[in-house]
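Below: the structure, in structure tokens.
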Amino acid sequence: MKVLSALCVLLVSVATAKQQLSEVEYRNAFTNWMIAHQRHYSSEEFNGRYNIFKANMDYVNEWNTKGSETVLGLNVFADISNEEYRATYLGTPFDASSLEMTESDKIFDASAQVDWRTQGAVTPIKNQGQCGGCWSFSTTGATEGAQYLANGKKNLVSLSEQNLIDCSGSYGNNGCEGGLMTLAFEYIINNKGIDTESSYPYTAEDGKKCKFNPKNVAAQLSSYVNVTSGSESDLAAKVTQGPTSVAIDASNQSFQLYVSGIYNEPACSSTQLDHGVLAVGFGTGSGSSGSHGGSQSQSAGSDSQSAGSESSQSESGSQSQSESGSQSQSQSGSQSFSGSLYSGSYSGSQSGSQSGNSGAAVKQTGAGSGSGSGSGSGSGSGSGSVSGSASGSASGSASGSSSGSNSNGGVYPTAGDYWIVKNSWGTSWGMDGYILMTKGNNNQCGIATMASRPTAVASL
């Protein structure tokens, strides 16, 4: 994880620099990103992915220079277009405009803060992979929390998303093509339970038949309640009682490339909802994704995906690529970065050679500076090498370390009211798999438009 942290610091600082990047800088950033995320491209695919990466890097640069509380970066989705991202990881938008949009008459203390991760009610971040089964992860997350609370805060058990994908089709869900959390709750209620993750593991694809086994049931639901549509105060009341399933608009490029801070996207829709997630708390003022026991542990499955393939995340590794021409370079120096949310420094070195379209050999040494996001200080070192030929092979490795701290004990500081939302894209996305979404901001992204919280049967 140390190498990835160091590389991420470098990539974010390059991406936030207020200057036009050279082709060499783009290529260096892409090479480092490929090594960190262990990407493998065919010769036919490489140039297309590189151009998409450059466009995403430009978008990140432009966004971050505006000083938003939302910080973007070159995360696990940096090599796919927004169209690919929506088609692969999101469901078909559900039109919730017909839902009654009224404010709840419940009175709620807006100063209160809740984080169910600190109560042991949230399982580690999971990864849906290239399957549009987000609804199943939202459902299991809410059910896991409900069962844990019904059992007196004892025995948190990870539940099977594959059980829901394979077996709830008759209720209206469509596996990897999408579904609704309420329909999944109905299935669990009528089915008298859902199996454990360990007994019915996730495959990231539609199963050919339902393999539910009542002997492996680890949770049962008695009912569920819907949040008053559009009411964030009612959503807060429900989240105070336990983790709550919510549907949101996650279609924007800013959501795709989110890395930290409070997510605030005015272009978000409150009625066109395409992603199921889990609200596990809310807060105000300085907040973070936090590190609360198991909730921040490595998830089941891989953290790194690209269009058409999946690979596992690691701190060092190698990959292949193909281009025409050749290019070699070596670089050493230091990188500094500062911003309203993050201040610190990165130092390190890298060297290598890679194939490239320019056919020119370039060597450079020096230091660079940029701006970034976060709070604290960090230092790290890294080295990497890439070699390639016209036939299209390349290998690379990276090693290094980084360290950092800030006033919040090493976490990203933010300001404002926010929802703590658990996603299902692995720990390489967002803040260790979480996103902080703006709260009390006109139901932005539809956070309270279509939300539900289940109630579990005790003593399971």
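Heads up, the Cβ atoms here are built off N, Cα and C, so glycines get one too.
What Swiss-Prot records for 1-17 is signal peptide.
According to Swiss-Prot, the feature disulfide bond maps to C131-C176 (among others), an assignment based on similarity to another entry. Secondary structure at C131 (disulfide bond), taken from DSSP and collapsed to helix, strand or coil, is coil. In sequence order, I165, G175, C176, A204, E205, D206 are the residues near C131 (disulfide bond), counting only same-chain partners six or more apart with C-beta under 8 A.
Positions annotated as active site by Swiss-Prot: C134 (among others). Using a 10 Å radius centred on the Cβ of C134 (active site) and all shown protein chains, the other Cβ atoms total 28.
For C210 (disulfide bond), the same-chain residues that are 6 or more apart in sequence and have a Cβ closer than 8 Å to its Cβ are N163, D166, C167. Annotation comment: Swiss-Prot describes C167-C210 (among others) as disulfide bond.
Taking the Cβ of N226 (N-linked glycosylation site) as centre and 10 Å as the limit, one finds 13 other Cβ atoms among all the protein chains shown. Under DSSP, N226 (N-linked glycosylation site) is assigned to a strand (E or B) in the three-state scheme. If you look up Swiss-Prot, you'll see N226 (among others) marked as N-linked glycosylation site.
Long-range Cβ contacts of N252 (N-linked glycosylation site) within its own chain (separation 6+, distance under 8 Å): N82, E265, A267, C268. Under the three-state DSSP scheme, N252 (N-linked glycosylation site) falls in the coil class. If you look up Swiss-Prot, you'll see N252 (among others) marked as N-linked glycosylation site.
DSSP classifies C268 (disulfide bond) as coil under the three-state reduction. Using a 10 Å radius centred on the Cβ of C268 (disulfide bond) and all shown protein chains, the other Cβ atoms total 24. Sequence annotations record features per position, and here Swiss-Prot assigns disulfide bond to C268-C445 (among others).
Following the DSSP three-state reduction, the secondary structure of H275 (active site) is strand. Same-chain residues at least 6 positions away in sequence with a Cβ under 8 Å from that of H275 (active site) are, in sequence order, Y89, L90, G91, C134, A247, I248, D249, A250. Under the heading active site, Swiss-Prot lists H275 (among others), citing similarity to another entry as support.
Taken from Swiss-Prot, the feature region 'Disordered' applies to 285-409.
According to Swiss-Prot, the feature compositional bias 'Low complexity' maps to 294-359 (among others).
Per Swiss-Prot, compositional bias 'Gly residues' is recorded for 367-385.
Residues or ranges marked as compositional bias 'Low complexity' in Swiss-Prot: 386-409 (among others).
Following the DSSP three-state reduction, the secondary structure of N423 (active site) is coil. Taken from Swiss-Prot, the feature active site covers N423 (among others), and the record attributes it to similarity to another entry.
Rounded to a whole value, the Cα-Cα separation of N226 (N-linked glycosylation site) and N423 (active site) is 20 Å. C445 (disulfide bond) is surrounded by 30 other CB atoms, counting those within 10 A of its CB over all protein chains shown. It is 15 Å from the Cα atom of C445 (disulfide bond) to that of N423 (active site).
DSSP assigns C210 (disulfide bond) to coil in the three-state reduction, outside any helix or strand.
Cβ packing within 10 Å was compared across the disulfide-bonded residues C167, C176, and the lowest neighbour count falls to C176.
Within 10 Å of the C-beta of N423 (active site) we count 29 further C-beta atoms, all protein chains included.
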